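Annotated active site, nucleophile per TrEMBL: Cys237, in sequence order. What TrEMBL lists as [4Fe-4S] cluster binding site is Cys126, Cys127, Cys209, Cys212. Feature annotation from TrEMBL assigns domain 'Phosphoadenosine phosphosulphate reductase' to 41-215. TrEMBL lists 242-282 with the feature region 'Disordered'.
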Amino acid sequence: MTLPLDRAALDVLAEDLATRLRPLALPARLALIDATVDGRLVFTTSFGLEDQALTHALRMAKSRAEIVTLDTGRLFPETYDTWAETEAAYGFRIRAYAPEREAEERFVEESGINGFRHSVAARQACCGFRKVEPLGRALTGAAGWLTGLRAGQSANRAETPLAEADHARGLIKLNPLADWTREALAELIHQNYVPYNVLHDRGFPSIGCAPCTRAVKVGEPERAGRWWWEQAGKQECGLHVAGAPGSGITPGQEPGAFEPAQSDTRPSSESSSTKTNPELAA
């Protein structure tokens, strides 16, 4: 496969690759991706459970995929600890893409250090320069983008395919854990002593920036701890949507740059974990 391809060719390639990936175990999936997607492969990790499991699998498979992260500058200390522990465990450096300093300084000057709480638009603008714009830089020139998305994470991701065309970025988006269950993920992490964020043991099933994430209460959906001050059901987050940031558009204001949060569909009895048997997903 050689990119760039036109829209129709990209769709055909993604559908064919998804079909070929479906019957394979994870190591074989990663091997097929390596062999099929020519050019730069990038895996973006936020150090959640899925991402930690995929990092482990990529390192064990000696994949050529680059493992990178978006350092928003507002992450939890525990997230940075997980980052360092992962590098130590697997013996490599994870490249970080940080916000452009000028954009960050301008936002703080105009809106205040926690100005993202003033309005949904302000929060989206903050996510825009801290996450969306750095992601664009991380994926520049990439032929394939690996993610830790799972269909079981939320109703919004229920149709997540193993491979899909990202027309906005002109690449193939690969979700090799799309059909994995929470139980299988926890087993991989436990049996292989994969480092993971201890906040998962403290009621944080979804972990983002520290000022924008709290522990969930009993019975709350998985993403209830994200931007909790906004109207329920109106929170938006994430980078896994169609449509990359457009030129000349203020980061965070581009149509479709964020996805609506959805309630977790799994039973509340699954929302507990221990250090040796993690059950929560970021």
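Glycine is treated like the rest: Cβ placed from N, Cα and C.
Note: TrEMBL annotation is automatic and uncurated.
Quick caveat, the model's predicted, so the values are computed rather than measured.
Most Cβ neighbours within 10 Å among the binding-site residues Cys126, Cys209: this distinction goes to Cys126.
Counting other CB atoms no more than 10 Å from each candidate's CB, the binding-site residues Cys127, Cys212 peak at Cys127. Each of Thr72, Arg74, Phe116, Arg123, Arg130, Lys131, Gly208, Pro211, Trp227 belongs to the same chain as Cys126, Cys127, Cys209, Cys212, is absent from that list, and has a C-beta within 8 angstroms of the C-beta centroid marking the [4Fe-4S] cluster site. In the three-state DSSP scheme, Cys127 ([4Fe-4S] cluster binding site) falls into the helix class.
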